[in-house]
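Working notes for the structure below.
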Amino acid sequence: MDETENLMPREKMLQYGIEALTDVELLALFLRVGTRRQDVLSYAQALLQRFGSLYALLSADKAQLIAVDGLGLAKYAQLKGIAELARRYFSSQLVEEAALVSPSTTREFLQSQLTEEEREIFMVIFLDNQNRVLKHSRLFSGTLSHVEVHPREIVREAIKVNAAAVILAHNHPSGSPEPSQADRLITERVVKCCRFMEIRVLDHLVIGRGAYVSFAERGWI
């Protein structure tokens, strides 16, 4: 028998490190207590089985969560707090990085910002000539399946902060991150407009449910 099996999540974490915890144990660590019928580990396991994953659980809305037996407003607040803490962590990490040396940092930040949006949002990260983040903005918002993007507005914002480069991103609320022909055409327009002002477009990421597509990785930029 694995000697870690009889340890509670907190003790296991302190002895073996946070990475040793399973998803069930990590969730139980935050929930702290279970219900009248289930201990915290059994309850955490039941929640993950019901929703299918940590992502689905933390993305669920209030009605979906409080419909679960034993999950009242207190636990709802805990779960939403965990999700918001993660989102703010990635946001602060992006801003405080000396430079964007890791594409995964950018991707994780954008996923934390856009995955749960119910309509299309177009974001831009503005960078200096050393790839340090100057600012990030949600410049355009649209409908469930479309967002109108104005390349000149992107350039105008870039000039305001003296940006040397930008990273584009938008989400697909439908779940599939596969870029449409319209996505490719607007990206080409933004690239041309930025190039005229000597601003580099490093990438355009399309964010779906648990997946993404990078224009740079596909060789489209």
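From the backbone N, Cα and C atoms, a Cβ is placed for every residue, glycine too.
A C-beta separation below 8 Å, combined with a sequence spacing of at least six in one chain, links Asp183 (Zn(2+) binding site) to His170, His204, Val206. Sequence annotations record features per position, and here Swiss-Prot assigns Zn(2+) binding site to His170, His172, Asp183.
For 99-221, the entry in Swiss-Prot reads domain 'MPN', with the evidence type sequence analysis. DSSP states for the domain 'MPN' (99-221), grouped as helix (H, G, I), strand (E, B) and coil, give 38 helix, 34 strand, 51 coil.
Among the features that Swiss-Prot reports, motif 'JAMM motif' is placed at 170-183. Long-range Cβ contacts of the motif 'JAMM motif' (170-183) within its own chain (Cβ-Cβ under 8 Å, at least 6 residues beyond either end) map to 114-115, 117-123, 144-147, 149, 204, 206-209, 211-213, 215.
Note on the binding-site residues His170, His172: the fewest other CB atoms within 10 A surround the CB of His172. Averaged across the motif 'JAMM motif' (170-183), pLDDT in this predicted model comes to 94.
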